[in-house]
Each structure stands twice: as structure tokens, then as C-alpha cells.
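Positions annotated as NADPH binding site by TrEMBL: Asn55. Marked as NADP(+) binding site by TrEMBL: Ala68, Val69, Arg70, Pro71. Among the features that TrEMBL reports, domain 'Pyrroline-5-carboxylate reductase catalytic N-terminal' is placed at 2-94. Per TrEMBL, the feature domain 'Pyrroline-5-carboxylate reductase dimerisation' maps to 159-252.
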Amino acid sequence: MKLGIIGTGVISAACVNGLMKSNAPFEQILVSKRSESISFALAKEYSTVEILDNNQEIIDKSDIVMLAVRPQDAEYALAPLCFTPDKQIISLIATFHHQKLKNLLGNDLTICRAIPLPFVAERVGVTALYPSNEIAEKIFNYLGEVVVAENEEEFDRYAIASSTMGIYFETLSTLSDWIIAQGTPSQNAQKYFAGLFNGLTKTALKNSNLPFDSQISKHCTPGGLNEQAVTVFRENGGHEALKQSLLSIQKRLSNT
């Protein structure tokens, strides 16, 4: 089986790196030249990866085609291309809804949307898919776990949720900067907060059948420091700021 990738960026590279660490049955992975630094690095690292200059050639030689061009480039890059119904198409293009993709590529095509995140390179995390597609599910199960949205509105909510990665690191940066300013060595601050949040993530995963709010009381002794921190965070608009961030992304997606 051959996989073709049009648009070789950070997420495409993460998918390739993860697949190469798995036993995914790809005899060849064909990638577009752009971006050159990434495509050449992949081809140098893996004998399975081949760079092709022509996107139509990638489609013609592949069984599965992954579309990973930037949203602003999608129509220009994809409109001239011809896809046949036997091709399995997986779109990673943010903001391009299912019908918009079919209008652009062909209404008779099988298209699955996916939101792989950078850590699929290490075969961890969860990739959201829509609609259900057996081949796409198999591919992304090699790269971690999969959640299949029941409809495109649910899929969009996962896209909105994935926009919080920067907030996560912004939080880590704010916390570490604060204790560094108090005199803590930066290396110790980074190590401490990375370990703290890693432990919390493992707790959340271990108890994934429980709602997150059930963990608040377990980690906040009444009258203790954690309870105080949560209270002050709420009183100063921390929760509301998070909600506003999500709402702004939702509004942006609804206008595409």
C-alpha cells in the first residue's frame, strides 16, 4: 500500500515519523517537495519516503492521499488536480469542511477529515476523525488513539480544543517565569513544572472515565494552597478567559 502526502509540513512530518516507528503496512510514502527542508529530511531519514515534484503524480501513484496544505493555499494547490473514486482521501486542512472539500475535489470521492497533533510522531495522543472511515482509523491507530466524531459540529469542537496547545505552554511559561523571577534556577523550574504537569496528565488518563471536575476536589484540600489558587484564578477571570478563547475559535470556524 502506498501513501501520498500533498503538503509536507510539521504535521505531515509528525505523521511520517510516527508511521515509520510503527508496523504500518506502507511499502512507500510519496511526499510533495514543499516544504523542501522537511521533505528532504524525511527522504534522507527513511528509504521508504520518496519526493515527487508533481502533485498529480503523487495522487496517481498512491492508494491513500493525505492533504496537508495550508488552508490559504488549498484551492490554488488542489483545484487543478484530478482524484478518482478509488482513492482514499484524508484531509488535514483546517477550516475546510467536508462539503467544501467535495465541492473542490469531487462529490463522488471518499473523504475523511482528521486532526493529528504533533505528538503523533511519538505515537501518542488522540486524533479526531470525521466521518467514520475504516482505513483512516487504522492509519491513525498506528499513531496513538482515535476518536470518531458523529457529525461535523462535534469534529469542529475537537478542532477548537486542539487550539489550546499554545495556552498549555503559555501556562507553563507563566508559572516557570514567576518562580525564576523569585530566584529559582531556570533549569530547575522547567524540570519541576514539566514533571508536575506530566504527573497530572497521567492521573487524568488513569481516571479518564471520571469527569475532570471530580479531580479538582481530590487535588484541593479545603482551606489549602491549591484551593486558594483555584479560587483566585476564577475570581480574576481565568476560567472566563479560557472560554472566550474557545468561543473566538468557534466563531472563526463558523465563518469558513
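Each residue, glycine too, has its Cβ placed from N, Cα and C.
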Other than Ala68, Val69, Arg70, Pro71, which residues of the chain come within 8 Å of the NADP(+) site, judged by Cβ distance to the Cβ centroid of those residues? Gly7, Gly9, Leu67, Gln72, Asp73, Ala74, Ala77, Leu92, Ile93, Ala94
Pop the mean pLDDT for the domain 'Pyrroline-5-carboxylate reductase catalytic N-terminal' (2-94) in here, whole number is fine. 96
Using DSSP three-state counts, the residues of the domain 'Pyrroline-5-carboxylate reductase dimerisation' (159-252) come to 74 helix, 0 strand, 20 coil
Can you tell me the CA-to-CA distance separating Ala68 (NADP(+) binding site) and Asn55 (NADPH binding site), as a whole number of Å? 12
Length of the line joining the Cα atoms of Pro71 (NADP(+) binding site) and the residue listed as 'NADPH binding site', in Å: 17
Relative to the Cβ position of Arg70 (NADP(+) binding site), how many further Cβ atoms are located within 10 Å? 11
Would you kindly give the Cα-Cα distance separating Val69 (NADP(+) binding site) and Asn55 (NADPH binding site), rounded to the nearest Å? 11
Just counting, how many other CB atoms are there within 10 A of the CB of Ala68 (NADP(+) binding site)? 23
Kindly report the helix/strand/coil residue split of the domain 'Pyrroline-5-carboxylate reductase catalytic N-terminal' (2-94) according to DSSP, in that order. 36 helix, 22 strand, 35 coil
Nonlocal residues around Val69 (NADP(+) binding site), in sequence order (Cβ under 8 Å, 6 or more apart): Ile6, Gly7, Ala77, Leu78, Ile93
